[in-house]
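Q: Sharing a structure with you now.
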Amino acid sequence: MSSSESRFWSEPWIRSFYRHISWSAHSPTVLLMEAGMSALKEFLYEICIPGIGLLCVLAALLNIAVFISRYHVKSRSSSLEMTYSLALSDTWTSFVIALSLFWNSYKPVVLQIRHNTYCFPLTLEAFRTGGLLTGIFHLVALAFAHYLQIRRPFDHQKILPLRIVHLVIFLIWAVPPLGLMAYFGSWEGQGYRNESCMGIAFYENFYFRSQISVIIIILIITTTIFYVRMLQKVSEVRTKTAQATSARGRRTVVTAVLIFGTFLFGWMPASILFILTAEGMPLYHKQSVWINVLSIVVLVNIMVKTLTNPIIYATRIPEIRQFVLHKLLWKIVPLREVQRRKSEFAPLRERTQLTSTQVV
């Protein structure tokens, strides 16, 4: 390590760590170390991080409940399998964000426990950035599956059999994080090729971040094209014999658009902030409370998206809705409802019995 690097790493470790490792679009703590306001930092770390962690746990539980329905649903389809995988992806994202907040923020700042190596935080960054790509790949695959079901309603399972769907899901899960980890280990003296994984300037490189952004933009445009084509196809179905099919098609499109909309709401601000904080961009190493607040808002958007998707699944997809109503909520709500109705009708039954006795 050169003398300049030694002087650099002799600075307060947390500032240097967040300056070179964290992705500001995914964590509210990325630029907080630059603010220099101890009161604000204490509030954000001691109050906000546990609160956001609870949101992560809640989002994970809701998505796990959706995924469990897979084992209670007899039917299998390409779109349903993609939906279950997307729910599991949201669960994984929630877990990674919660672990990253604890490991990179709460542990060193609140608990005052420093890290001896930064390889694990670097791995978290690979999983977190990979989770973004995994999510958008899921949406593209789901849009194609929906488009195929509407375009070829009778033979779409032959064109896209479940074994191909499972292979695609595996690739969607494996390629983004493994590709990023391979990239992190391809730089001499940096990343995984550094003993403590301290040299991570390549991660802030504009070329790298612009490539990630271009991939996301291309996938979003592709998904939009699929949805536009689906809407056109559904609008073409106007005969009376196809009214039921048309209604199902419209419902499928609406459900897919809602899921796609939550993704844009959650991840697009994160993607924009990701490129704006690259080297040479306007927000590179900027120290501002407003950037800190923006980072928090971006993270909250991601959690809102992760919390909203299970609700969409449970209300819009019949197979998942049946499981939620009859397997989950039935154990909590209807028993109380039945008891309440029994108590309400008890006086009526007593009056009926009394009347019948008097008549006799």
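Note: Cβ is positioned from N, Cα and C throughout, glycine not excepted.
The domain 'G-protein coupled receptors family 1 profile' feature in TrEMBL is assigned to 59-313. Look at TrEMBL and you will find 43-66, 86-106, 126-148, 160-184, 212-231, 252-277, 289-307 tagged as transmembrane segment.
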Q: Mind looking up the mean pLDDT for the domain 'G-protein coupled receptors family 1 profile' (59-313) in the predicted model?
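A: Within the domain 'G-protein coupled receptors family 1 profile' (59-313), the model's average pLDDT equals 85.
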Q: Taking residues 6+ outside the transmembrane segment (43-66), which of them lie with a CB under 8 Å of any CB in it?
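A: Here the qualifying positions are 28-29, 32, 84, 87-88, 90-91, 94-95, 97-98, 101-102, 105-106, 109-110, 292, 296, 299-300, 303, 306-307, 309-311, 313-314, 320, 324, 328.
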Q: Output the single range from 86-106, 126-148, 289-307 maximising the number of Cβ pairs under 8 Å to the transmembrane segment (212-231).
A: 126-148
